[in-house]
Every structure is written in structure tokens, then in C-alpha cells.
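S.K.: After the C-alpha cells below, expect a handful of questions from me.
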Amino acid sequence: MSDKPDMGEIQKFNKSKLKKTETQEKNPLPSKETIEQEKQAGES
């Protein structure tokens, strides 16, 4: 067993088989407005 990858396998790979996917943020960061509202809600 060698540590080097099999380059022949990589060159044979058919990129057209891959599907284009839209990446979507699963847990987007809150906006500055949201953070400010939460800070104010916590203070009162």
C-alpha cells in the first residue's frame, strides 16, 4: 500500500457526472440589527 493517490483514477473521473448544487447556509449569522434587539431585550 502506498501513500500516493492513484492519479490514473483521478484523470479518468468524469466531471459531467457531478450535479451542480446550490450551497445554502444552514445556520446563518444574525444581522447587526438582530443582535442589537436581543441586547436591548436582555437589558430591560
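Here the Cβ of each residue, glycine as well, is placed from N, Cα and C on the backbone.
Heads up, here are the entries from Swiss-Prot:
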type: COMPBIAS; residues: 33-44; note: compositional bias 'Basic and acidic residues'
type: MOD_RES; residues: Ser2; note: phosphoserine
type: MOD_RES; residues: Ser2; note: N-acetylserine
type: MOD_RES; residues: Lys4; note: N6-acetyllysine
type: MOD_RES; residues: Lys12; note: N6-acetyllysine
type: MOD_RES; residues: Thr23; note: phosphothreonine
type: MOD_RES; residues: Lys26; note: N6-acetyllysine
type: MOD_RES; residues: Ser31; note: phosphoserine
type: MOD_RES; residues: Lys32; note: N6-acetyllysine
type: MOD_RES; residues: Thr34; note: phosphothreonine
type: MOD_RES; residues: Lys39; note: N6-acetyllysine
type: REGION; residues: 1-44; note: region 'Disordered'
S.K.: Which of Lys4, Lys12, Lys32, Lys39 has the fewest nearby Cβ atoms, counting only those within 10 Å, among these modified residues?
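M.R.: With the modified residues Lys4, Lys12, Lys32, Lys39, fewest surrounding Cβ atoms within 10 Å: Lys4.
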S.K.: Let's check the environment of Ser31 (phosphoserine): how many other CB atoms sit within 10 Å of its CB?
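M.R.: The answer is 9 other Cβ atoms.
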S.K.: For the compositional bias 'Basic and acidic residues' (33-44), how many residues does DSSP put in helix, in strand and in coil?
M.R.: 11 helix, 0 strand, 1 coil
S.K.: Roughly how many angstrom lie between the C-alpha atoms of Lys26 (N6-acetyllysine) and Thr34 (phosphothreonine)?
M.R.: 18
S.K.: Counting other Cβ atoms within 10 Å, pick out the least crowded of the modified residues Thr23, Thr34.
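M.R.: Each of the modified residues Thr23, Thr34 was scored by Cβ atoms within 10 Å; lowest is Thr23.
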S.K.: Give me the Cα-Cα distance between Thr34 (phosphothreonine) and Thr23 (phosphothreonine), rounded to a whole Å.
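M.R.: A Cα-Cα distance of 24 Å.
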S.K.: I need the CA-to-CA distance for Lys4 (N6-acetyllysine) versus Ser31 (phosphoserine), whole Å please.
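M.R.: So the alpha carbons of Lys4 (N6-acetyllysine) and Ser31 (phosphoserine) sit roughly 45 Å from each other.
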S.K.: Measuring Cα to Cα, how far is Thr23 (phosphothreonine) from Lys32 (N6-acetyllysine) in Å?
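M.R.: Here the two Cα atoms lie 23 Å apart.
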S.K.: Please report the Cα separation of Lys12 (N6-acetyllysine) and Lys39 (N6-acetyllysine) in Å, rounded to an integer.
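M.R.: One finds 55 Å between the Cα atoms of these residues.
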S.K.: Relative to the Cβ position of Lys26 (N6-acetyllysine), how many further Cβ atoms are located within 10 Å?
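M.R.: A 10 Å sphere around the Cβ of Lys26 (N6-acetyllysine) contains 5 other Cβ atoms.
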